[in-house]
Amino acid sequence: MKTLLLTLVVVTIVCLDLGYTRKCHTKNSPGRETSQACPTGQNICFKKWKKGEIISKGCAVTCPKPKKDETFQCCLKNNCNR
């Protein structure tokens, strides 16, 4: 009985995937935007503007630091960088 219970617990853990994965919108070229699961450890979604135009979206470990003429918006919910 204990073996059966242990087997069921292991199967449940594998099926549920207890590791949570953030989903963010990604955009690397004009008109090409999708939602994807972020790599492990990248739990921040960001949106990057340059001179007022959105030029990229994606996942990050920390909110990126803007360079000249760049602005970043970062958030912590799934697909919050729409």
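Each Cβ is built from the backbone N, Cα and C atoms, and glycine gets one as well.
As annotated by Swiss-Prot, disulfide bond applies to Cys24-Cys45 (among others). Within the same chain, residues at least six positions away from Cys24 (disulfide bond) with a Cβ under 8 Å of its Cβ are Ser35, Gln36, Cys38, Cys45, Phe46, Lys57, Gly58, Cys59, Asn78, Asn79, Cys80, Asn81. Under DSSP, Cys24 (disulfide bond) is assigned to a strand (E or B) in the three-state scheme.
DSSP classifies Cys38 (disulfide bond) as coil under the three-state reduction. Under the heading disulfide bond, Swiss-Prot lists Cys38-Cys59 (among others), citing similarity to another entry as support.
As annotated by Swiss-Prot, disulfide bond applies to Cys63-Cys74 (among others). Neighbour list (Cys63 (disulfide bond), Cβ cut-off 8 Å, at least 6 residues apart, same chain): Ile44, Phe46, Phe72, Cys74. In the three-state DSSP scheme, Cys63 (disulfide bond) is classed as coil.
Secondary structure from DSSP puts Cys80 (disulfide bond) in coil. Taken from Swiss-Prot, the feature disulfide bond applies to Cys75-Cys80 (among others), supported by similarity to another entry.
Taken from Swiss-Prot, the feature signal peptide covers 1-21.
Taking Cβ-Cβ distances under 8 Å and a sequence separation of 6 or more, the neighbours of Cys75 (disulfide bond) in its chain are Ile44, Cys45, Phe46, Asn81. Residue environment of Cys80 (disulfide bond) contains 17 other Cβ atoms, counted within 10 Å of its Cβ in all protein chains.
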